[in-house]
Amino acid sequence: MNQVFKLFIFPLAIIACIGGGSIYTELNNIFLYQSKYSIDPKTMNWFYFAVTASNLFGIVPSRLYSAFGPKKTILIGGILLTIAHVTAALIIDANLSKNAATALLFTIGILGGQGACIIFLSSLGAMHKLHSTVCSCLINGILLAYLLGSDTFHAVLKYGVFPDLSYKQFLLVIAGFGALAYVACAILFQKKKQKEQGTKSITKGIALKKSVLLYALIQALYLTLVTLLSVTNQLDSYWGSRLLVFVLAINIFIPGIALLLMKNTSFKGMSPSETDRFLSQRGKNCNFKDARTKSEFWLFSISFGILAGVSIMVDENQSDISLNNVQRSQYNRKTYALFEVLGAFSSGLFLSFFRIYVSTYGLFMFNCFLLVVSQFLLFFIDLSSMALFVSVVIAGFVNGSSFMIAGQIAIEDYGAKHFSKMLGIFFTAAGVGMLLFDELMFSYMYYWFNLQDESQGRNYYGRWNKYIFLITILSSGLAFVMSIAAFAKTRKTDGNKDKISDFVNF
């Protein structure tokens, strides 16, 4: 494929990832606040679980990708997600019983979650096939950040571009534009057997990385504006929404800007950095059969599952943790979502420049340490609400960062050929962690303690959940120990100029 043509596919992948993340946001808002069925928050928590668990169950999407390649697979994901959106739009005003609406809600969640996972894996896999591993850190960070941050984009669309549409009409518009984007991706993405020539070339890799950096620059500007508008409570304002839509729309013009810059002599003459040369040699051809014989694969998978499960547990149960302080929990959830996006993007940007000095396993080890800190802070929420806020910030950041690292490990250690399958396995590990900590451990233990003494939750702030957080801090400590073992196992074979080992004197 022509190098110039690759530049025009990236904006489509961005649009696809934003569309994939829509299942988390608009459907929740519609059925919790806009629907006539009055579905209770507890049912909506189960819907969140259905969506997230379905989205993280990456085994089926990865198998579809391995069987059909990105071209056909993203079309399958697009069909599932479009069906979910259209079904949701149709039942908003339908005369259904609450039980029927709830059953359909779960169906929508499962279909939409799998569709979102398929779309993300297909978009990410297609970009890795088209680009050198030199660009891998940026690609993982950018696309994951757009997937996780899609709630903000859909909010600005609703308030800034389509303020007069009903939620039913808005859902149909989202479904229509999304379907067009997925069809366009299916047309332009590579076939399964189509191989890219020269992707290991350091020269081509650097040229493509410069164009990807332009997308990173736009995303950095977008995230800065989102942060400022959130702090000033202007995120849902008409002018703020219009501004964010305008900034995102610049992505469409990046290919043309990149082509103009590539004609510049100084732009062409930029030499590759040490990190660029190092990344150009990564991307081993290692399949799951070989991976399961390696201890670092199991150490990372289990510790990643624990980290994701504990982090999602903190996010999903903030209302209970803060004793139904709705205003505080809503603010913390928005903060968690923002720092989750910042964690994914900043980690990708950091590794793209400093991968030669820091390994992916080393950065993940640091995230596991921060998770222990966040769980330790939860023991002090009865003393200060700031402890919960800081814990939420840390949990959101390390979760977004660790998902980005999972994608980077998948592409570096297992290669583009096996990337989707390995990332699907890592996603599934995160889904198991969410089931264990969010649903089985937190929900059942929380209700068991409250059944023992119904006034306990109201009168003794933080006392009941110390038993729960004792489990999470011990689990986080286990994840930290396993991440140290994974880092120690891989640090000598990584081949980088390991500064972390120098710091901790391994």
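Quick reminder: no glycine exception, Cβ is built from N, Cα and C everywhere.
Residues annotated as transmembrane segment in TrEMBL: 7-25, 45-62, 74-92, 104-123, 130-149, 169-190, 211-231, 243-262, 334-354, 361-381, 387-411, 423-447 (among others).
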Folded-back contacts onto the transmembrane segment (243-262), same chain, C-beta under 8 angstroms, at least six residues removed: 4, 7-8, 10-11, 14, 152-153, 156-157, 160-161, 207, 210-211, 214-215, 218, 221-222, 225-226, 229, 268
Message: Can you work out which residues elsewhere in the same chain, 6+ from the ends of the transmembrane segment (334-354), have a Cβ less than 8 Å from its Cβ atoms?
response: 135, 137-142, 144-145, 148-149, 151-152, 209, 216, 219-220, 223, 226-227, 230, 273, 275, 314-315, 318, 360, 363, 389, 392-393, 395-405, 408
- request: Might you confirm whether the transmembrane segment (211-231) is in contact with the transmembrane segment (130-149), defined here as three or more C-beta pairs under 8 A between residues 6 or more apart in sequence?
  value: yes
Chain residues outside the transmembrane segment (423-447) and at least six past its termini with a C-beta under 8 angstroms from it: 49, 52-53, 55-59, 61-63, 65, 117, 121, 124, 288, 300-302, 304-310, 312-313, 316-317, 320, 403, 406-407, 409-410, 464-465, 467-468, 471-472, 475
Message: Counting Cβ pairs closer than 8 Å, which of 7-25, 169-190, 361-381 has the most of them with the transmembrane segment (211-231)?
response: 7-25
